[in-house]
């Protein structure tokens, strides 16, 4: 390997390596890390070296964070790119990806190439990993091709003839060591033949590509790395062997504690748990493009005694003797254990690490708990996940204090952005409120020790309304910072900018003789925002239409009939509402199977016929705010989180509007705290705060605002006092929105309401929830005593006007967190991810991740027990089964999660059972944002019938949704585009859906659909492009292509035909008078049985198709008809359809319906 790509660093601090590798820019530097060759682990960015006279440590500076297809050469995989601002032009070169900017700079690209060569030669892909003769032969051929690229690049790089390079460098030095050693074992004649074959291929390649100038040096490097990705799937990935792995629910696990006074079953300081002491049970895979996966180790894999952290470097530790023995054996097929997806990086809220124990927490409160072989390996894993999170989700946040990069910590403390490109800087400043003195500080994109201060002021030219900008340099000189042109140095950037407040910075407006001096002042700093898009973020899929937020312009909730509720005792009053205890009768949706099930208790809280609920009745005198009341119900009906109270729906009873919400057993938190005053442990309070922050982080991630966070709206589902359990809270609905309240009512909510919301209620944002959280945390600390209790409205108003501070607890760390939430500058409040991370640090004791005995293996998180499923209502019915909404509540205390449960109809055949099992197996292997998520299965011991547990998609199917909501053509096209994206993924996994229809497309929110119902799906056999169906059964014939009806053959293109029919449904808004069956029957006449299919085939063969929907543009109908081509090969693929539909969506989004050219 080149000396640049394999530097020997003897205990050199991390940032000092900057001087060793010139050309790598600050933007790409965070892709690299240090690798300890002796310990075989990656070091976290904040690693401190302890240097003694006996220290001898070799480190390698290497690219660690890698994204497949960053070069864009593989059209079968999603492109990877940095976001590119609109109007920003880059040079047309191959490093530019079509959708955005290139991932790597030139120096990083060259460094990666050298690193790739080193890893390839050192067996990142080895002959010993192959299991068939075909795989071995393919590997050898590709390896020789890689050697050709290697030598050709050397010739171009050195500017010498290829023959000279071949004489000096053997091709065996350019192929994997395992292959080279096998060649050495061959006889002389075989070696001679192989050498001749290689040289002939080398000359032919040179004459056809390099010689005529068709391949440049850079082209060869691109080709080499792209081929390496395909040849060595491990390249750029890391695997970690875990001694234990568990995925407990919150009810089953202890909460995560860091600052512990009690020692759990962790290692003593400095000790290492050897793999010889305990064999690994699981393996964790981390990749830049697909996140975190895990799997159970096979028996032969669990015998491993080395390589507890396996990246592409892990191959080097194998002994030659062991490898030779393996190579001498004939290849055999071995079935690999399937990887189970855990999460992508943006789904993570925080990570906890203590010694060798790691807990990775997801946004939905699921947790992956690992015990790793040593603390070093634990930090290596955490720093890897943390680094990928910053590269893909939020460049200004870290998930865990133990691996926080010092430079990032300093940047956060001083309000400094990363190395943003100038167009992003100007765009960010323009989005802020226009004012003089707005400024932004960022690290330079080219100099590691320079910062750029960009200051804005209003353009003073006559009639101008924009901003003028000026950039000033700040130099980092050792431990101080100095503004260029000013001889005073400061120990921090914050102190420098504080000294500049009120000062005037003068700069020339040009370089000519007519230039004038312009004055700029500093007043307000533009800070980094959580998750903002910039060139610092790496995108791994096509650009989306916008953030995944719920559009509440369309109300959506379950409508409950007045006969279904019974009003009981009055519980109190809310804002313009009266609150009652009640019963919701849901027995009408039960089947005979449910009635006979003896495993479901008959208590009121569990009975399918009656659910205890809370009825929030809007006062009839406040009909003017009924819309705001319904908007709240709509919001809470569309979200699903374990710590959010569920809203069943809305009932209109005469003049009364009633919100029907979940009943939570132990009532409001503030009442409990006051009742138990002096007896509530600190750990209990911090646990409640963490659960509340988890729910609010979920809402923030969806760009949703609660707007009324306070202790009285936090309900206790489980008290967790003195019974050995933890508390469990649920945040209730916010009631009437702040925007509908009068000023007096808003003032009454001080100090929970954020200051910016008091004047008009229009300042409501996720930042407002952070203020409310800070105040609520004070309530919790002070045993439910409300701050400013007893103050008059005028005193409360004045408190905000004078920007006074609320009292703080004695705990310094907690006081700091609360003060960050209660800052009057909304932009400076921390994200809920940050709050969750810091709350974890405040825990009074540490999470116990026990070493699991082999006699008691971890329970499978995908297995659901039927006794804990509580039915809410039926959601729909398909060809072979029905789907119902259930609450899965294993602790029987209301802390369960809402899930959709699909079950087969009674009396199903063995064929249906087989199809049912196939649907489950297919769904559990799929993961895509536009395909419904698999959660698990449910079956009783000895029972053959298995229920499928899926995520609950709140808005139901498009067939039911579209007739009730008036959607424009642009929105319909967006849904169609997302269907194609999901189907393109499904086909890439070699599955055919066979039942694509509007009834099987579910709506998560106003902007996101998910494809469901895989009961008819089939896996396409390898080497084929169709599946032949032999079993009988009900089929959606009016959605089927001609080849399906005539020959029972289902091609990938058959799904495209079905999409055309589904597209027709969407464009007719699923009008029950224009359904495909009705339209076809109008054309063929009323028939029965097989005659219907025969007449339908005859109709289609005569070229008859569904008519053009009303108001459908001609070009869209033409696209629809292309999907109905008689010849399957003539139809477009879903990959073809996505960009076409995206273009149509962008076109019609900006046009009024009157300008459409309709058929």
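Any Cβ shown, glycine's included, is placed from N, Cα and C.
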Using TrEMBL as the reference, determine which range in 308-329, 330-351, 352-373 is annotated region 'Disordered'.
308-329
Please report the distance from the Cα of residue 875 (ATP binding site) to the Cα of residue 995 (active site, proton acceptor), rounded to the nearest angstrom.
18
Whole-number Å value for how far residue 995 (active site, proton acceptor) lies from residue 877 (ATP binding site) (Cα to Cα):
14
Rounded to a whole number, how many Å is the Cα of residue 883 (ATP binding site) away from the Cα of residue 995 (active site, proton acceptor)?
16
Enter the number of other CB atoms within 10 angstroms of the CB of residue 995 (active site, proton acceptor).
22
Tell me the Cβ neighbour count for residue 875 (ATP binding site), meaning other Cβ atoms within 10 Å of its Cβ, over all protein chains shown.
22
To the nearest whole angstrom, what is the C-alpha distance linking residue 995 (active site, proton acceptor) and residue 881 (ATP binding site)?
14
Cβ atoms near residue 881 (ATP binding site) (within 10 Å, other residues, all chains):
21
Validating a neighbour-count step here. Other CB atoms within 10 A of the CB of residue 883 (ATP binding site): how many?
23
According to DSSP, which kind of secondary structure is residue 995 (active site, proton acceptor) found in, if we only use helix, strand and coil?
coil
Counting across all protein chains shown, how many other Cβ atoms sit within 10 Å of the Cβ of residue 877 (ATP binding site)?
12
Where residue 883 (ATP binding site) sits in the secondary structure, as DSSP reduces it to three classes:
strand
